[in-house]
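Here TrEMBL flags B:33-147 as domain 'Acyl-coenzyme A oxidase N-terminal'. If you look up TrEMBL, you'll see B:149-259 marked as domain 'Acyl-CoA oxidase/dehydrogenase middle'. Residues annotated as FAD binding site in TrEMBL: B:Thr153, B:Gly192. Annotated domain 'Acyl-CoA oxidase C-alpha1' per TrEMBL: B:290-474, in sequence order. Annotation comment: TrEMBL describes B:Glu459 as active site, proton acceptor. Among the features that TrEMBL reports, domain 'Acyl-CoA oxidase C-terminal' is placed at B:514-678.
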2 protein chains.
Amino acid sequence: MPPSNPDWVKALKPSGPQGSELLAAERAKSELNVDELAEFLFTKKNLDRNARILSILQEDPVFDKSQNYFRGRHDRLKAALARGKALRRLSVKHSWTEEEDHVANDLLSEPTPYGLHAYMFLKTLEEQGSPAQHKKFLEPARKYDIIGCYAQTELGHGSNVRGLETTATWNPEDKTFTIHSPHLTASKWWIGSLGKTATHAVVVAQLVLNGRPYGPHPFVVPVRDPKTHLPLPNVHVGDIGPKLGYNTMDNGFLLFNKVKIPHENMLNRFSGVDPETGKYTRPANPSLIYGTLTYVRANIVMQSGSTLARGVTIAARYCAVRRQFQDNDAPKDAIGENQVLNYTMVQYRILPLLASSYALYFTGRSMINLYNANQKRMAQQKDVGGSDAKRGPGPEQLAAGSDLLADLHAISCALKAFASTTAAEGLEVCRRACGGHGYSSFSGIGTWYADYLPTVTWEGDNYMLTQQVARYLLKSARAVLAGKGSNNGISQVLQEFIRRRDIGAAFDVLGSDQDLVDAFAWRVSYLTFEALKHRDEEKQSWNSLLIDFWRLSTAFAQYQVVKNFYEALQDEQTKASVDATAQDVLHKLFQLFALYHLSNQGAEFFTSAATTVRQIQLATTKRTLALLDDVRPHTIRLVDAWKFPDWQLDSSLGRYDGKVYEDLFHRASEVNPINDVVFDPYPNSDVLFRGEPKAKL
Amino acid sequence: MPPSNPDWVKALKPSGPQGSELLAAERAKSELNVDELAEFLFTKKNLDRNARILSILQEDPVFDKSQNYFRGRHDRLKAALARGKALRRLSVKHSWTEEEDHVANDLLSEPTPYGLHAYMFLKTLEEQGSPAQHKKFLEPARKYDIIGCYAQTELGHGSNVRGLETTATWNPEDKTFTIHSPHLTASKWWIGSLGKTATHAVVVAQLVLNGRPYGPHPFVVPVRDPKTHLPLPNVHVGDIGPKLGYNTMDNGFLLFNKVKIPHENMLNRFSGVDPETGKYTRPANPSLIYGTLTYVRANIVMQSGSTLARGVTIAARYCAVRRQFQDNDAPKDAIGENQVLNYTMVQYRILPLLASSYALYFTGRSMINLYNANQKRMAQQKDVGGSDAKRGPGPEQLAAGSDLLADLHAISCALKAFASTTAAEGLEVCRRACGGHGYSSFSGIGTWYADYLPTVTWEGDNYMLTQQVARYLLKSARAVLAGKGSNNGISQVLQEFIRRRDIGAAFDVLGSDQDLVDAFAWRVSYLTFEALKHRDEEKQSWNSLLIDFWRLSTAFAQYQVVKNFYEALQDEQTKASVDATAQDVLHKLFQLFALYHLSNQGAEFFTSAATTVRQIQLATTKRTLALLDDVRPHTIRLVDAWKFPDWQLDSSLGRYDGKVYEDLFHRASEVNPINDVVFDPYPNSDVLFRGEPKAKL
């Protein structure tokens, strides 16, 4: 650590007004009740719980973040492993629930090498293991006597799971499976917790029986020696190298050279191989396998709002402290510079994202409700089908539940793509809105963004997912045209479009919120029927329609989010939980979110005849400006309501007290280890850092 | 370094077809003459020069890139300093020109701690120093006997240079200036080459004479002891900490506690303080100070095309090697998976960026021509004005040149903003198009993008610049309306718009390239006159028009780029240099670029009545698809023409030979130093990395 600053430096303050004064003035501008809004979003119980867990973490030096931004990969991984162990010990000591574990990790704000053990290894064993396999694998795993990961993705295959190359061949003679990597591209890759940490892996491999392929199935495979932690024979395993972010996780590669595992290692709750006959039992209900994927996607949607809100919190606070230039129309004798948050071009970048964070929050709640409704129905179906999960529900039950499942699947795909893109791209907009200082690691946004970025690719690449949404919409449209529309939400929207075929539409998007929501629905219908015409009538190739499908899926997702936000505002629970000021502000955020997207997609709204040109012009200019102006005074309180503690944000720019410059300067001059180093700057000298060995130049 | 892979791993190959086979097939699809196109873009002389310099660098282990992605900040800076010294020695040894120095740095592809010494310190001394100051400072600086930097930006002030807080107060009694930092926010910040390297700084400080402020001026200030390299008394200097990227540069902070410098340290070629009388001489022509800014912005425009092309090269090659799924309409018995570059949604993301890289290349050439024309005119004015540069040209010469200067200033602002945004955002699109593997550091795009990102903020924040462009366009529009339009390009465009006021427009954007260019011009005029109406007639505040100004400036920049691309294709020089195939392909790129932007801004084109809705629909769908299809077979040859050697790209995904998977696997398993480490994964053990001391958990 560099020495403390000299006294004459310590005596310096930023030129006034101070950041703390500016933020206090901001908070005084608005009557929004921050605590009431925060309790509505999170519940008082959870907020108290989070504060309790925070103080436990803050007590332990292993979680001290002050060196985080300075560490190289070696030290970063070491610190992350230490934190993973410490969190596990705390979890056991305090008997934390899964949710409390999640809160602790969230406050820490970086993955640890145990991440996929808890998140995927345990869940997969639970859901796909038989009772015997629970005893053999799940119990020791829960105790962390074995550490696992979920090894599906390969070097050559990510999205196309059917193309996985790792094989699991049944050996009837000794009742084993041979796990083998026939090509380099079969190497497992990207596998979290595998690179250095895991002792075991759930390996998804192509089941081969009697020379015939049966598709990908999950197998528990030991990969490292329990004592030495070295790779087992014929296993090649390691870390895949540094990444743009996510460097506190040891993503790994994994190759097998004909490794044998016993029959009991094939997770066989839903499908398996009879050890006597060698016959294959297929899963009764394929949708049971989809269940986890949908859950993961719903989770991504749920977290997208708060993910984005972190960046918005930092950018909003900083832009209220940062002052530059005077307003162009200020009187000549005006003193002091203008807060950059007063510039409409800055508001235009940040405030729609503030609106998006709230919109995604409400959509996340709606997503989880839909997911739970489906889980409930599926549980009912299992009961009807009998206690043998392998048999599953019969065709009638399947049909009854399939609408809900189809809706859930399509909505989760569309929203996963839209929500993660909105959050990721929004974070970068926030970072840039912080100007030069946004580029410093101390801004806290860069690292958060870089760690979040894989979310647009994993669990379903965002572009790939849009095809599934399009498939669903086309199928629904075909049914509607054939007079067989179901009762689900999208069928009603499509039917309304057809009903109005000879009337046209007239949506008062600037005068009526319901009309605004309906305009988004109309655009979805228009794009769906256009796509259907291209595909069914004009027989265009699927490939040639991919761009249209992406636009269609995005429109569908935007409609869902706008609708969810609108419905949340109408909801009695909302009206009972927050006062009139908050309801009014949330209403402005709703309008800002919807009209911002309407403006940006003006051509589609116009082409679909959902709105007139004039409405788009007004939305884009006058109305957006008016909404920015309405939201501006409440900005700081609106971000305060997300209740991110400074410790979690780890950001000089986003501190609650606004001491931006003091914090930046302190980190740079008194913590930054490179300031212990003295260069030899002369080209003809072979010395680089004084006191270190010369270089060979 | 981890041990070599076991033999059974070494024997593995990717599943076929091999990447090299796929790229060879791609190159066989097209007749485009790569070498001819490359020579047209760069000249044979320069290509040969680059190859010569590359082989010099490749010989020296100090430039070996294989550990680059693995290093932490300490080692990264040390290696960068070593490389800076080695480059300097090579430059002296081979008598490299400034251009050759630039090529070497470009091939290295990362800044070194000498970066701002060469780029800003030397240039500022040259341009703003008197002959005596050249002798005192420039000569030793050129020999690297002193190392310098350009210290303008402060913690509290970036864009608003007039607000800088560092003061330089004249002391008539001993003919010195006192350099002082009155507030913490006065600290110089972000200063490249200062953090650890520089012995001197050109400090931009507020000149104070007799208690009166005279604005920011440049002063040479020693900051470190020439022998010990420790900070001089009352100077606090150091590195500002890690950043999102650019971590091979030591950006620094700098505070002064009443440091005295002699009179001769104020750079006084254009303005100064008479040491006897203490009177201030103001600069004769303020535009002389703008000169450097415009040069820097023109350079950014010039480099934007190749900056983006690096990412496009990597993404295009990788997406031609990466195969996933079969085409949806493929016959049931089809074998093998589809190259992802065959999917229209992937083409839609990459090929318009390929078009943009060429568009920005031609715009860069045009930008430099305009800059040189202005330099020539200014030199003529100086001659007319006499040899005393302080006196400068008289009012008549100023007026004659001021149109050209005003055009240059506005175009350089608009293009700097547009080109750097296009390149930065385009690089991230390229990275994401590489799916999961795009997230690995070995993709080569992440680091390149992160290092490039400050370009959207420095040398004029991109949003700030759009105001200057708007000012210029409004001023031109007022002149046109008053019948006083000049002969410059934009006045003609505005006049045409006015002329057609009662006729309307009819641009055959899909049938005529000239009409397509004119439609972009029309849109600029429409937005300009709309903004003028809001400002002059409706008296709207400047602040409320900032978003409109940003849209207007973007439209103006897009028009410039489209026009430059079109004119380059008409140019005889182009027609003489490349064959008909190349001209046709470049023409397709031109259309793709223009129509891609027209589609994305459909609402503006429609609202301005430049096109019909139908034209926008067709551009967005059928025509774009057709152009993607036309360009697709030439994609690999088009990126090959940029002639980026593998050594420069340092990318597993972007290798010329397509050995993507072999390269990724090699780097991860045989070079990645973390694979020398063995974890202790058990939570109850205090051991983290085996063989290293226990942690205190």
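Glycine is no exception: its Cβ is also placed from the backbone N, Cα and C atoms.
Remember, TrEMBL labels are computer predictions, not curated facts.
Here the Cα atom of the residue listed as 'active site, proton acceptor' is found 10 Å from that of B:Thr153 (FAD binding site). Here the domain 'Acyl-CoA oxidase C-terminal' (B:514-678) does not touch the domain 'Acyl-CoA oxidase/dehydrogenase middle' (B:149-259). Their Cβ atoms form fewer than 3 pairs under 8 Å, with each pair 6 or more residues apart. Residues within less than 8 Å, Cβ to Cβ, of B:Thr153 (FAD binding site) and separated from it by at least 6 positions along the same chain comprise B:Lys188, B:Trp189, B:Trp190, B:Ile191.
Sequence-distant contacts of B:Gly192 (FAD binding site), defined by Cβ-Cβ distance under 8 angstroms and a gap of at least six in the same chain, are B:Pro111, B:Gly115, B:Leu116, B:Met120, B:Cys149, B:Tyr150, B:Met249, B:Asp250, B:Asn251, B:Gly252. Using a CB-CB cutoff of under 8 Å against chain A, the recorded positions that qualify from B:Thr153, B:Gly192, B:Glu459 are B:Thr153. In the predicted model, residues of the domain 'Acyl-CoA oxidase/dehydrogenase middle' (B:149-259) average a pLDDT of 97. Using a 10 Å radius centred on the Cβ of the residue listed as 'active site, proton acceptor' and all shown protein chains, the other Cβ atoms total 17.
DSSP labels the residues of the domain 'Acyl-CoA oxidase/dehydrogenase middle' (B:149-259) in these numbers: 6 helix, 52 strand, 53 coil. The secondary structure of B:Glu459 (active site, proton acceptor), as reduced to three states from DSSP, is coil rather than helix or strand. According to DSSP, the secondary structure content of the domain 'Acyl-coenzyme A oxidase N-terminal' (B:33-147) in residues is 89 helix, 0 strand, 26 coil.
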